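Below is one structure, written out as structure tokens, with a few remarks after it.
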Amino acid sequence: MMSSNYTAIDNQNVSGSVPAVADPPGQVAVKFTESNLQTFPPSSSQGKISAASGPPRDADDTFSKPVSGSDEPQQGGWFRAFTIAAYKPYFDVDTSDVLERIKDSLLPFTGSFSEKTADNPDLYGPFWICSTLVFVAASIGTFITYIAHKLHNKEWNYDINLVTWSAGLFYGYSTIVPLCLFVVLKYFSAPSGLVQLLCLYGYSLFVFIPALCLSLVPWEIVRWVVAGVAGFMSATFVATNLKHHIASAGERWFFIVAAIFLLQLALALVLRVYLFNVTV
């Protein structure tokens with residue numbers, strides 16, 4: 001059995017850091033600067049990560065960018081127009097707002113619609129008004145032609161072109177006409193918001209929904225009266241709401257308002273000829 005032979009170490013050498021071993025002769029000593037890697041993060045705060053600490057300057061900032069599908073838009077400029085987030089504010093309305101604006105569209109002489117919607121124009125109401133018009137025009141047009149054919153004992157075939165024609169008419173009119181008016185007003189130094197024009201023209205078409213329903217009346221004179229009244233109300237609604245704004249365009253403002261008014265009447269005439277009419 002081997003006997004233990006330990007060297008006694010003084011207490012003063014135990015406390016503190018371990019004494020450095022002497023370098024053997026002929027070797028170069030390498031000294032390292034003191035590091036504080038044992039402290040994370042390297043700040044005066046202890047026990048938690050402080051707000052001042054952050055990643056190093058050369059760190060990858062991939063996670064600080066908006067991820068795909070987030071509410072924050074990823075593109076700027078014209079590219080933002082192709083994102084859903086760009087159109088979210090224009091659908092931020094509730095049922096009471098839409099009903100209030102529909103009621104204003106049925107009161108064409110007040111001219112207060114543009115003032116009420118100046119801060120919050122929407123596209124929700126115009127979209128569903130146009131969609132309802134397409135459905136009502138196609139369904140009622142199909143129904144009245146079916147009844148007319150049956151009363152005359154003639155064969156009836158469904159016309160799918162009525163749906164596509166109605167969709168092209170209402171969606172196209174409520175988009176192309178405001179866009180052209182936007183360019184014209186900008187040319188005459190009386191610019192107006194494009195979304196506000198789209199909102200105004202979209203709600204101006206609501207009056208044609210009950211007018212299409214009344215086209216079921218089998219008398220031609222009633223259909224002419226209904227189409228004329230609906231066209232006059234729609235044209236007056238658009239003209240009165242744009243009159244004060246277009247007046248700043250100079251002496252030609254009257255011709256612009258008159259063109260807007262006549263264009264709405266032309267729409268009513270087209271509806272009367274193609275949708276309010278029954279051919280057997």
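Along the chain as shown, residues are numbered 1 onward.
Here the Cβ of each residue, glycine as well, is placed from N, Cα and C on the backbone.
Those TrEMBL annotations? Automatic predictions, nothing curated.
Annotation source TrEMBL lists region 'Disordered' at 1-74.
The compositional bias 'Polar residues' annotation in TrEMBL covers 1-16 (among others).
Taken from TrEMBL, the feature compositional bias 'Polar residues' covers 33-48 (among others).
Averaged over the domain 'Yip1' (112-270), the predicted model reaches a pLDDT of 88. What TrEMBL records for 112-270 is domain 'Yip1'.
As annotated by TrEMBL, transmembrane segment applies to 123-148 (among others). Same-chain residues lying 6 or more positions outside the transmembrane segment (123-148) and placing a CB less than 8 Å from one of its CB atoms are 87, 90-91, 93, 98, 101-102, 156, 158-159, 162-163, 166-167, 170-171, 174, 195, 198-199, 201-203, 205-206, 208-209, 212-213, 215-216, 271, 275, 278-280.
Away from its own ends, the transmembrane segment (168-188) comes close to residues 126, 130, 133-134, 137, 194, 197-198, 200-202, 205, 245-246, 249-250, 252, 256, 260, 263, 267, 270 of its chain (Cβ-Cβ under 8 Å, at least six residues beyond either end). The transmembrane segment annotation in TrEMBL covers 168-188 (among others).
Annotation source TrEMBL lists transmembrane segment at 200-218 (among others).
Note on the transmembrane segment (224-242): residues 105-106, 108-114, 192, 200-201, 203-205, 207-208, 210-211, 214-215, 217, 257, 260-265, 267-269, 271-272, 276 of its chain, located 6 or more positions outside it, place their CB under 8 angstroms from a CB of the stretch. For 224-242 (among others), the entry in TrEMBL reads transmembrane segment.
The transmembrane segment feature in TrEMBL is assigned to 254-275 (among others).
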